[in-house]
Amino acid sequence: MELKFFTDTGLEIPSVTAEQMIEVDRVATEETGPNLFQMMENAGRNLALQAISTLNGQWQQANIIVLAGSGGNGGGGICAARHLANRGANVKLCLSSVERLKEVPAWQRRIFQATNGQEIAIEDLLATDEPIDLILDALIGYSLRAAPRGNALDLIEWANRLDASILSLDIPSGVDSTTGDTPGAFIHAQGTMTLALPKTGLLPERTGELTLADIGIPAGAYAWKTLQLDYLPPFGDRYRIPLTARDH
Ligand SMILES: NC(=O)C1=CN([C@@H]2O[C@H](COP(=O)(O)OP(=O)(O)OC[C@H]3O[C@@H](n4cnc5c(N)ncnc54)[C@H](O)[C@@H]3O)[C@@H](O)[C@H]2O)[C@@H](O)CC1
Ligand SMILES: [K+]
């Protein structure tokens, strides 16, 4: 099914497979910029803003849990947790794997630790019964390898059991960003904020309300000889825009 993605102003946005998005990332980090630190900061700030607008007036009273993996997706989630904690929000961060945290997410964690935001261990989170208003799903992005297992699987199943609203970063964890297939458990998202460009696997029945976030990639990166994407900057004066997917 060939999905097409449109902004609220009717502009069609090209979609990309995981492979093409990895190449966009490579062109940005190795050729044009922005680097990974800058892109992840933009991803996380946009996710914090999206969480605030999802909670509308209640965001400072809400109980927010951020589930973060050890890769780039996790880094965006940790960055959002820091921005929210910095503004007095009640946010707890749960890392699926502290020891495997990559360099850039580890830097985001270091900044988070200088806020009054709290980290919560998986076993404590799974044991808590306090009401949760919003879960940010930053466990797995486009590097999903197979059916989720281990801590990520435990956290996905835990999140799905709650009646809290779930906002996924880039792709609901456990969903294949190229095909939309779900090899195993996956996050049942009410909303998804995807980064830079929509992925071909962002099926409406998987994403919930879909938003596209700008992470500052220049048009020259999309025009790179290995990509040649037909891309018109869609954001105007906004950094997050609603997308609708249509299969015709
Ligand atoms: N231009 C972009 O699109 C950018 C993307 N970024 C984010 O970075 C993500 C890609 O980052 P990475 O390539 O580091 O990888 P991901 O963050 O997508 O996934 C790696 C994490 O998923 C876990 N994982 C993968 N398969 C699993 C399985 N079957 N069971 C349990 N855990 C599993 C790994 O252990 C690791 O924690 C993107 O999805 C996006 O969210 C950001 O870095 C900003 C730039
Ligand atoms: K995710």
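Note: Cβ is positioned from N, Cα and C throughout, glycine not excepted.
Per TrEMBL, the feature domain 'YjeF N-terminal' maps to 21-223.
Sequence-distant neighbours of Tyr142 ((6S)-NADPHX binding site) (same chain, 6+ apart, CB under 8 A from its CB) are Ala18, Met21, Ile22, Asn73, Asp170, Ile171, Ser177, Thr178, Lys199. According to its DSSP assignment, Tyr142 ((6S)-NADPHX binding site) is coil. According to TrEMBL, the feature (6S)-NADPHX binding site maps to Gly72, Asn73, Gly74, Gly75, Gly76, Gly141, Tyr142, Ser143, Leu144, Arg145, Ala146, Ala147, Asp170.
Taken residue by residue with DSSP, Ser173 (K(+) binding site) is part of neither helix nor strand, so it is coil. Cβ environment of Ser173 (K(+) binding site): Leu67, Gly69, Asn73, Asp137, Leu139, Ile140, Gly141, Leu144, Pro148, Ala152, Ile156, Phe186, Ile187 lie under 8 Å away, each six or more residues apart in the same chain. The K(+) binding site annotation in TrEMBL covers Asn73, Asp137, Ser173.
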Those binding-site residues in Asn73, Gly74, Asp137, Tyr142, Ser173 whose CB falls under 6 A of ligand 2, listed in sequence order: Asn73, Asp137, Ser173
Residues close to K(+) site centre defined by Asn73, Asp137, Ser173, Cβ within 8 Å: Leu67, Gly69, Gly74, Gly77, Ala138, Leu139, Ile140, Gly141, Ser168, Leu169, Asp170, Ile171, Pro172, Ile187
Binding-site residues close to ligand 1 - of Asp137, Tyr142, Ser173, only those whose C-beta is under 6 Å away: Tyr142
For the domain 'YjeF N-terminal' (21-223), mean pLDDT (0 to 100): 97
Close in space, distant in sequence - Gly74 ((6S)-NADPHX binding site), Cβ under 8 Å, 6 or more apart: Ala68, Leu95, Ser96, Leu101, Pro105, Ala138, Leu139
